[in-house]
Amino acid sequence: MATTSHVEHELLSKLIDELKVKANSDPEADVLAGRLLHRLKAESVTHTVAEYLEVFSDKFYDEEFFQMHRDELETRVSAFAQSPAYERIVSSGYLSALRYYDTYLYVGRSGKQESVQHFYMRLAGFCASTTCLYAGLRAALQRARPEIESDMEVFDYYFEHLTSQTVCCSTPFMRFAGVENSTLASCILTTPDLSSEWDVTQALYRHLGRYLFQRAGVGVGVTGAGQDGKHISLLMRMINSHVEYHNYGCKRPVSVAAYMEPWHSQIFKFLETKLPENHERCPGIFTGLFVPELFFKLFRDTPWSDWYLFDPKDAGDLERLYGEEFEREYYRLVTAGKFCGRVSIKSLMFSIVNCAVKAGSPFILLKEACNAHFWRDLQGEAMNAANLCAEVLQPSRKSVATCNLANICLPRCLVNAPLAVRAQRADTQGDELLLALPRLSVTLPGEGAVGDGFSLARLRDATQCATFVVACSILQGSPTYDSRDMASMGLGVQGLADVFADLGWQYTDPPSRSLNKEIFEHMYFTALCTSSLIGLHTRKIFPGFKQSKYAGGWFHWHDWAGTDLSIPREIWSRLSERIVRDGLFNSQFIALMPTSGCAQVTGCSDAFYPFYANASTKVTNKEEALRPNRSFWRHVRLDDREALNLVGGRVSCLPEALRQRYLRFQTAFDYNQEDLIQMSRDRAPFVDQSQSHSLFLREEDAARASTLANLLVRSYELGLKTIMYYCRIEKAADLGVMECKASAALSVPREEQNERSPAEQMPPRPMEPAQVAGPVDIMSKGPGEGPGGWCVPGGLEVCYKYRQLFSEDDLLETDGFTERACESCQ
């Protein structure tokens with residue numbers, strides 16, 4: 001292996017610095033900068049398997065597999081280093097290379113890092129050794145892939161999928177798979193008892209700190225907080241301090257999302273904790289709301305009606321109920337006078353929209369949809385907390401819940417497309433149900449397509465492998481026995497926008513909508529098939545299966561009216577019979593997470609979102625790097641580059657003739673958001689957990705509260721579980737859509753995980769001082785009795801120090817509001 005001299009090192013560094021700043025306008029410069037960075041790092045990485053084992057063997061939980069197959073591994077790794085797959089990896093641009101060395105490659109003694117080749121060897125070796133350790137898991141793999149016999153053929157199976165990047169793993173898996181005593185779960189959910197000061201202390205110092213130490217994103221339910229008479233802001237600041245401590249000097253920042261229901265007496269103070277003008281804000285954490293459908297029904301039908309607030313100690317069973325049972329309990333408590341305050345429901349919506357526009361959150365989930373579509377009945381123990389990215393849903397009161405994530409790189413499933421990976425076997429053996437399905441999507445490519453279509457066979461192969469990868473991480477890397485036994489899996493995707501563009505379609509074209517549903521139906525079907533095989537051969541069926549809806553022949557899509565299936569119902573029925581007979585290893589299957597971290601490695605678009613920008617920046621641990629849309633620049637004609645560079649790649653700013661040529665590369669901000677919501681609804685029947693559905697608004701649209709409020713109502717009407725993950729705002733003054741650094745006042749998550757750490761996902765830019773009207777807190781005891789004891793008959797109390805208006809013609813206008821200072825502002 002060639003090494004670099006001091007002079008060469010300096011020269012390479014200067015060349016990289018010169019080239020990387022051109023990445024958004026010169027794709028060749030981006031590729032060259034990435035290749036040079038790999039060359040620059042060659043001196044500090046391991047070169048042979050023998051050297052790798054010498055440096056890292058004391059870190060492995062199973063060194064024996066690597067030692068036993070050392071020579072064979074050297075052969076595989078050497079062949080990979082000369083392969084087209086490796087060439088694609090090192091040619092994926094500067095940000096991809098930076099991400100490897102900055103985050104994913106394991107560091108050993110004396111600062112020696114594993115090489116990219118050995119990184120993939122470690123991941124595949126972990127999966128292979130785990131598969132060989134569990135005889136049932138190996139038997140299931142051989143049932144799915146009968147051609148696999150020897151240990152090294154098991155290794156090859158995982159190695160080929162990982163190095164071809166058809167299967168991409170979460171950040172915890174990529175960083176710690178194979179490392180002794182590591183937790184590989186991406187998400188941790190907990191709803192602790194917060195009813196007393198002692199309970200809060202236990203929850204924070206005994207449990208939360210441990211979860212953050214394990215470098216996982218955490219979702220915490222805080223609806224039960226405040227019963228001890230303390231302000232919720234105190235609890236939020238304590239959580240924020242925990243996060244900031246654990247993130248100091250850390251390669252992979254983590255965070256916490258705190259979830260509350262909107263009937264809580266301190267809901268306004270809860271929302272306030274993220275507002276940039278709040279000098280005690282909590283920039284390191286995120287807020288989320290589990291909103292009952294009653295709230296949306298009242299806002300839509302009678303927006304001036306009262307919304308009642310309750311102290312959690314007087315709220316009866318509100319926290320544990322949903323649907324009609326929740327409504328009955330809510331009105332029973334109101335009739336009994338148990339409420340401690342009331343506010344116009346418009347006023348509360350004002351505050352929610354205000355916070356979303358200025359801080360990007362709260363994340364908003366529909367309580368009924370999350371609970372009613374779960375695999376068992378949750379009435380009386382309803383979920384009211386999700387994970388850090390609002391796509392993983394599990395009950396978490398009785399024990400901590402976890403989820404292991406992976407995702408499929410959809411562009412690798414294109415037929416004859418550049419960078420596509422061809423299947424290496426004939427589909428004549430394996431799971432008979434999967435073999436009965438079509439190999440290609442019937443949706444035909446459009447004009448300008450670079451591929452001949454989308455390969456459903458490759459998608460199913462990748463989904464099957466991802467299910468085995470997640471099974472390995474569950475069996476060897478779960479933090480508790482309870483979470484391991486539940487075997488919650490979340491399979492997502494990246495590069496959906498790339499697929500549509502490569503097939504010649506705009507994101508919301510009819511063919512895109514058709515393939516959108518088809519992809520997730522086949523993923524859900526394949527994950528169920530594979531999980532059933534694993535359960536049969538390992539004899540590990542998740543607890544509660546016999547009481548689950550699956551045991552009665554149920555599928556998640558049964559609960560969604562009007563679901564069109566591309567897989568014949570006869571084949572679904574055969575799968576149902578198999579599951580009823582053999583059970584399931586996993587309790588959950590599909591969760592569409594943000595994939596910012598691993599999408600940077602592959603150079604694909606993030607998750608299932610439309611393109612965020614064609615030329616943007618990304619903040620890493622060490623620098624702010626340019627991030628070009630590689631699919632876009634691959635399709636740009638040479639004679640169009642200058643015009644596109646002038647507008648930062650923004651298609652909407654081009655002259656009409658040129659704009660028409662590149663319409664399929666419009667950004668998420670250019671599309672009608674209701675169309676994007678509808679596409680989320682189309683795939684929802686096959687997403688048994690949830691999807692991190694974000695909204696993308698232009699600044700002029702976000703300046704009207706009605707825009708965002710109407711979109712939230714529309715998502716509710718369509719029954720989405722996650723109504724809104726982020727609210728992202730495109731600044732009107734920007735000539736190019738740029739993902740900028742968060743200001744000192746704001747900190748927005750970064751994403752991993754396949755991930756989740758919203759510490760990599762940059763927040764929407766804050767708007768100028770709040771664009772929303774509404775009270776910060778209204779705790780009235782009766783009609784017209786305000787926070788300071790003053791009365792405004794027939795009006796709604798608003799502290800003028802917090803009153804900031806939308807346009808006068810806004811749906812959420814402020815007619816009838818009366819201004820005066822509340823007691824705390826006088």
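Glycine is treated like the rest: Cβ placed from N, Cα and C.
Here is what Swiss-Prot records for this protein:
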BINDING   Thr171, Ser186, Cys187, Gly217, Asn387, Leu388, Cys389, Ala390, Glu391, Pro594, Thr595, Ser596, Gly597, Cys598  substrate binding site
SITE      Cys187  site 'Important for hydrogen atom transfer'
DISULFID  Cys187-Cys403  disulfide bond
ACT_SITE  Asn387  active site, proton acceptor
ACT_SITE  Cys389  active site, cysteine radical intermediate
ACT_SITE  Glu391  active site, proton acceptor
SITE      Cys403  site 'Important for hydrogen atom transfer'
SITE      Tyr725  site 'Important for electron transfer'
SITE      Tyr726  site 'Important for electron transfer'
REGION    747-769  region 'Disordered'
COMPBIAS  749-758  compositional bias 'Basic and acidic residues'
SITE      Cys822  site 'Interacts with thioredoxin/glutaredoxin'
SITE      Cys825  site 'Interacts with thioredoxin/glutaredoxin'
Secondary structure of Thr595 (substrate binding site) (DSSP, helix/strand/coil): coil
Thr171 (substrate binding site) in three-state DSSP notation: helix
Max pairwise CA distance, angstrom, over record-listed substrate binders Thr171, Ser186, Cys187, Gly217, Asn387, Leu388, Cys389, Ala390, Glu391, Pro594, Thr595, Ser596, Gly597, Cys598: 19
Listed binding-site residues among Thr171, Cys389, Thr595, Gly597 whose Cα sits within 10 Å of Tyr726 (site 'Important for electron transfer'): Cys389
Where Cys187 (substrate binding site) sits in the secondary structure, as DSSP reduces it to three classes: strand
Winner by Cβ contact number (other Cβ atoms within 10 Å) across the binding-site residues Cys187, Cys389: Cys389
Site with most surrounding Cβ atoms, counting all protein chains shown within 10 Å, from the recorded sites Tyr725, Tyr726: Tyr725
For Cys389 (substrate binding site): DSSP state (helix, strand, coil): coil
Other C-beta atoms that fall within 10 angstroms of the C-beta of Asn387 (substrate binding site): 35
Residue with minimal Cβ packing [other Cβ atoms within 10 Å] among the binding-site residues Thr171, Thr595: Thr171
